[in-house]
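Working notes, structure below.
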Amino acid sequence: MAARLCTRCLPPVWLCRQAWQGQGRHYRAALCTELKQPLTIQEVAPRPVGPQEVRVDVHFCGVNFADILACRGQYQEKPPLPFTPGMEFSGAVLETGTDVSTVKKGDRVIGVSSFHAMAEQCITDQKTLWRIPENVSLQDAAVLPVSYGTAILAVDHRARIQPGETVLVTAAAGATGLAVIDVATNVFRAKVIAATGSDEKCKLAVQRGAQFSVNYSQGSLRDAVKKLAGSGGVNVAIDMVGGDVFLESLRSLAWEGRIVVLGFAGGNIASVPSNLLLLKNISAMGLYWGRYQHQDFAVFSKSMSTAMQYCQQGLIHPHTGAVFKLEKINDAFLHVMQRKSTGKVLLSLK
């Protein structure tokens, strides 16, 4: 995750313009035609599917901070203009390529895509689609890929959280933060201390399963955690804020504690004081979920299928904070940038 975006630096046009509805005979898509400018809604001509590809009728699409950064030219991946943002979606299969064997027409699926999903149709490789069980809604399924894929790898694959351990989660009211709380509490039976920047967000985190909450805008996070966890500290910290919050989380760890870095929503990247790692035998590690798609697809795919399995079994409860129509895409971006969002923000294509 890159640095926090300051809305005071936005072009005024972002704050007042609606997406433009184009005319045509094909399907609608949100297009970034110029960096740092509002997206437009235009009619797009469909292209043929390749042998391994699947065309999906998109019902819901997740709105992620990475989409916003990409539309400003600030993301590590820089798709050529014009492009359609959107990395995760749910929908129904419309058409399959000649060599597709994993899904068939009519199947309900979730999928991941490299900036194609904010459209009424999306074409993606068959291996990046997973079928949705009958008892899971398309809306709940759309929440799973980025947030719960990340949460599952953070909690299990990286931190290896054990039942009864105490876990500190920062940025706990965001989509990924709530997913970490959900997985850690309801699947791994850990005790969660949720850290957020407001009392309202603290309340939401507790409602969603955290045992305790801390508003780190009102004082020392380390002192507050010490009162809740005791002098020994927490076993695991999962940080998405960076800067001073990361450092206080690190200092809140117990002997042989583990800290997992998921991002830098606060805009600052802290230097790790390695003496603390030595003195407490602490393990510090990072997690970039999307990278597993290219480096270790088996791990990536398992995180998706596991999220779906947990949802099917009723172990986890995906939380949607807001839903916008496709033509309100610029409002959805502002909602995220101005830190109004809690939980997953979705676009509805229906």
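Cβ coordinates are placed from backbone N, Cα and C, and glycine is handled just like the others.
Here's what Swiss-Prot has on this protein:
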- Lys36: N6-acetyllysine (MOD_RES)
- Lys201: N6-succinyllysine (MOD_RES)
- Lys302: N6-acetyllysine (MOD_RES)
- Lys328: N6-acetyllysine (MOD_RES)
Of the modified residues listed as Lys201, Lys302, Lys328, the one whose CA lies nearest the CA of Lys36 (N6-acetyllysine): Lys328
Residue, out of the modified residues Lys36, Lys201, Lys302, whose Cβ gathers the largest set of other Cβ atoms within 10 Å: Lys201
Neighbour count (Cβ, 10 Å) for Lys328 (N6-acetyllysine): 17
Pairwise CA distance, the residue listed as 'N6-succinyllysine' versus Lys328 (N6-acetyllysine), rounded so that it is a whole Å: 25
